[in-house]
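Novice: My structure is below; once you've seen it, I'll send some questions.
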Amino acid sequence: MEPITPSFNNIKNVGLPDFCFLEHLDENEIMNNISTRFHKDHIYTYIGEQVVSVNPFSKKEHLYSDQTLKSYHNMYMYEVPPHIYSLAQDTYKKLLLTKENQCIIITGESGSGKTEASKILMEYITKASINNKINEKANSATLDRSEIIMKLIMDSNVILEAFGNAKTLKNDNSSRFGKFIEIEFDEKGAPISGKIQQFLLEKSRVHTRAIGERSFHIFYQFLTSKEITSKFQLSDDPSYYRYLKDSMCFNVSNINDGREFKLVGQALQSLGWTQEDLDSMYRILGAVLLIGNLEFCNDQEKANVDAVNVKNPSILKKIAALLDCNEDQLEKSLISRSLTLGVSKRKSSIRVLLNTNQAMETRDALAKVLYDRLFNTIIEKINKAISSDIDRKNIESMIGILDIYGFEVFENNSFEQFIINYSNEKLQQLFINLVLRQDQEEYIKEGVEWKFMDNYFDNTPIIDLIEGQPVGLLKLLEEACLIGQNTPELLIQKMNQFFGKHNHFESYETTNNLSITNQSFTLKHYAGSVTYNLEQFIYKNKDPLYQDLINTMQSSKNNFLLSLFQLDFLKASNQQTGAKKIPTTMASQFKVAINDLIGKLNSCQPHYIRCIKPNDEKRPGHFDYERVKHQIRYLNMLETVRVKKAGYCNRQHYTRFLARYKMIAPATWPFWNGTVKDGAMEIAKVLIPSPIDRQAECQFGKKKIFIKSAKTLFHLEELRSKQMPKVCIIIQRHWRGYQARKWYKSELARLQQEKEEIQKQILRKKSVAKIQNCYLRYRIRTYFKKLQPWAVGPTYCKGKAIPTLWPKKSALEDLIQVIHITWWAKMKVCSLSMEQRALVRQKILALDLFGMGYFKKKEWDCRRKFSADYLSDDSNPKKLQFSEAVQLLFQKGGDKEILFADNVVKINKRGKSQLRTLIITDQHIYKYDSKKYTQKKVGLKIHSIVALSTSNKRDTFLSIHFKAPVRDLFIDLGCDSVEKVSEVSTNLVQQVFKLTGTTIPLLFREPLTFNNSRDSRTSGTDFVISFAHYPKGKEQRQCTFVKGKANTAVIYYPID
Ligand SMILES: Nc1ncnc2c1ncn2[C@@H]1O[C@H](COP(=O)(O)OP(=O)(O)O)[C@@H](O)[C@H]1O
Ligand SMILES: [Mg+2]
């Protein structure tokens, strides 16, 4: 980075970064320094806090890289090399510090780089402010809003350049309007809103311009879009349109119209333009171009008057279609004009026919007004998008950037140049006033030692000549417009009469200069002499817009077009209501606008960028010594440097100074009782301890302190910044103390309240306990009173006994018991596995069948597990044989499950006991040989069982009754002294129900009968069985079947 501290060895190499560092101040030194720097690619140089910029006419990427931009963040100007970034940073810093409005005035000739500088400024401010917001940890909504606002402002640049810039002989991208952009910030320095004001668009460029120049860029841009030209049936060849063809320039080497057009479209869309708005805009642009192609010819039918007709009605028709208005009315308003005669009630209107020249003038007026209104509407829409009513109340301060058209001299200078140069004079005057005159006047007023320098060029006389009262050039021009039939010659005569002897005015009468005709005059501007051709002055100043044209446009059915002419409706109604008149002529309107602007700039802290054009040929790296010297001269550069070098960079009222810096000096902190001036002196002592240096750096005026160099000011700020943490701690201490006291008080009150509440609660509880106690005692008393008659004894109760019976159970209690049992059972069942549940089901059925204890069958064991298969057990030595037999049985098919298998004693038809193996499957009852495990006879079908019977004694016999002729089966199921009657019976009842759906009965009989002798031929005889205990002394553990006479038998069973 370029060192900023002056090293005089550097002058020869890269030049000094600040002109104020020059030891011997003269024009040559300034020229040498600026030229050296320019050739070493240092295009920026300071004059104190101003930046002088020399247009390089070539891209200097490194100057604007992100890295360069970042290196300027939060830096002071004197710490970093001269750049527009440092000026932008300084402006933004001052805005944050002082909360005062700031403005940056960019001046310079046309093509000197003002517009580029404004873009560089905006880029920096955008990035710096957003970066600042991020550091401040702003809420994301504001951050987004700031980014959106800055993006919209940057985007609007593209639109404004397309519609307001054009190629001139001096600059390929010359701004043909002036603009003042205001970026408005909230208190934290976030951009929240914006405003753009435009000054006097050079609308005559739409129809006339010098050869080699172009009209506004947008015309060439939109013709590059085939889609649009074919949509509106327009020719895409610029040379087809007379308005574009006349100046014989269509392309600019370094401008890509097609690409720019796409950017414009995107920017318009980001501002919220709908496709309908865009289409209406293309229609107007197309119409403006076609209007230029309208031609007029004499009307043959009206031989004795000067009247014309439109020569090419097809074009007229196209224009009417594009503008969506009536074709006849449009023609009428182009070739004739309605005039109002008389006043009030005697008012009448006549139609005057126009000659060819007048018709052409009217035609151009229409094109101009359409374009001008379109431009203004675009700015209005931009303003609507970038400003916000909601944020308005949060606006704290603003930065205004003024980029107005630069001083211009052409071969033929017309009204526009006059206005442009007039505005440059005004800005130059502002500069002189703020930088040169006011500074010095203040030093003297304040009694500071100062030698007044007045050898700068003061342009006040030129401004007086132009806008002076009661007579000035503008006034004469306005008068000329009010009087009909006024000519340039008459106007010149008037000018000569008043200003013939004025130093800055020349005309053919006052000079021998032959180039000045009787239709022109020369003004000696601060930047050079310019000869103005008066030919179009009166017309352009009047800027007539014929009412008929306005009426025609107002009859359009296109809403967008109508909105361009809305103000005319308003004006008409204002005229009717007699509202305040707006100045009518262009120059007087401009005078009001520029004076307003100057007023606004005067109320801001100004910053300057002075742009210099190194050559007229736009040649990169070429330094035209004479051309630059001329600019240095008229910009009063030498004088500015002198004043700045000798002067003071900063002045502040003592009160403000003391308030801001009192923490620097122990004497003034925290209270100072003396005068403010003495206070400021105390601060200065700390700032510069050496009295000699202090005298050189600080001057104490009557009301203000003056600080000589920026360095001292920055040192002051640094001292303040160093003290600020201490101040902050004091403020924090007080604030925290205050907060803690506040908290303590509120906490004390809260605790007191809580205590009272607790006491109340305790009391309440005590009361409740007391009431409860009383009530309980009351209940006991009443109970005992009830008992008293019994308790007192027989003597007193007359023989009544104390009640001993419990009160009766209520139905509800029964129900609750049932519910409880049900719930208890459910809980039990739920805890069982599926297998266990099946067993429980069997046990319940067994319980149903056999009852508990002695009720139905004696001695059946409810707790015994029904194991079903007793032969696959390890206790069976022939276990394997048995399982083979079972496999064989299952292979025959039909049977799937063994319900019971065990050895039993079977009683045959002759009453003999036989040991058998009984296998009950899901389908059959099989009798097997209990040794060989072979099947005896066929299996008995379970579904043909009709009943079961047993005794209710302790025997273990069961009779299974089959449907005749199948024989009943009588078996002893207690061979191993374990009772299995209950298991077999339950299984059989369950299985018969499963197979047939009927529940067979289990009968308890004594004597018990069964028939095991019938077959298909004989019905057999019933066996009758009776039951008896073993006789005493002959007891056995198992039962015994003893056959009696005929078909009777006795079964002996063990005693209980
Ligand atoms: N800082 C710069 N760096 C490179 N080129 C520049 C710079 N400033 C200006 N130019 C060139 O000069 C031309 C004219 O600049 P512009 O800002 O339009 O001038 P003005 O607004 O003063 O009429 C630009 O189009 C650009 O080519
Ligand atoms: Mg410009």
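Including glycine, each Cβ sits where the backbone N, Cα and C put it.
Remember, TrEMBL labels are computer predictions, not curated facts.
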Novice: In TrEMBL, which of 601-628, 741-768, 853-880, 909-936 is tagged coiled coil?
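Specialist: The range carrying the coiled coil annotation in TrEMBL is 741-768.
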Novice: Select from 203-225, 594-616, 939-961, 1031-1053 the stretch of residues annotated by TrEMBL as region 'Actin-binding'.
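Specialist: Comparing 203-225, 594-616, 939-961, 1031-1053 with TrEMBL, region 'Actin-binding' matches 594-616.
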Novice: Residue list, the region 'Actin-binding' (594-616) vs rest of chain: Cβ under 8 Å, 6 or more residues beyond ends.
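Specialist: Apart from its flanks, the region 'Actin-binding' (594-616) reaches 34, 38, 47, 49-57, 84, 87, 90-91, 94, 98, 100-109, 111-114, 117, 121, 170, 180, 197, 199, 400, 402, 406, 422-423, 426-427, 430-431, 434-435, 622-624, 627-628, 631-632, 635, 637.
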Novice: Could you list the residues of the same chain, at least six apart in sequence, whose Cβ is under 8 A from the Cβ of GLY111 (ATP binding site)?
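Specialist: In sequence order, ASN55, THR168, LYS170, ASN171, SER174, GLY406, LYS613, LYS618 meet the Cβ cut-off.
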Novice: Other residues with Cβ within 8 Å of the Cβ centroid of GLY108, GLU109, SER110, GLY111, SER112, GLY113, LYS114, THR115 at the ATP site?
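Specialist: Neighbours found: ASN55, ASN171, GLY406, CYS611, LYS613.
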Novice: Do any residues at least six apart in sequence from LYS114 (ATP binding site), in the same chain, have a Cβ closer than 8 Å to its Cβ, and if so which, in order?
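Specialist: Counting only residues 6 or more apart in sequence, the Cβ neighbours of LYS114 (ATP binding site) under 8 Å are ILE106, THR107, GLY108, SER175, ASP403, ILE404, GLY406, ILE609, CYS611.
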Novice: I'd like to know which of the binding-site residues listed (GLU109, GLY111, GLY113) lie near ligand 1, counting only a CB under 6 Å away.
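Specialist: If the test is a Cβ under 6 Å from any atom of ligand 1, the answer is GLY111, GLY113.
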Novice: Counting across all protein chains present, how many other Cβ atoms fall within 10 Å of the Cβ of SER112 (ATP binding site)?
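Specialist: I get 24 for this one.
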Novice: Could you list, ordered by sequence, which of these binding-site residues: GLU109, SER110, GLY111, SER112, LYS114, THR115, have a Cβ under 6 Å from ligand 2?
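Specialist: Among GLU109, SER110, GLY111, SER112, LYS114, THR115, near ligand 2: LYS114, THR115.
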Novice: Of GLU109, THR115, which of the binding-site residues has the most Cβ neighbours inside 10 Å?
Specialist: GLU109
Novice: Taking the region 'Actin-binding' (594-616) alone, what is its mean pLDDT?
Specialist: 92
Novice: Counting each residue once, how many in the region 'Actin-binding' (594-616) are helix, strand and coil under DSSP?
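Specialist: Summed over the region 'Actin-binding' (594-616), the classes give 9 helix, 8 strand, 6 coil.
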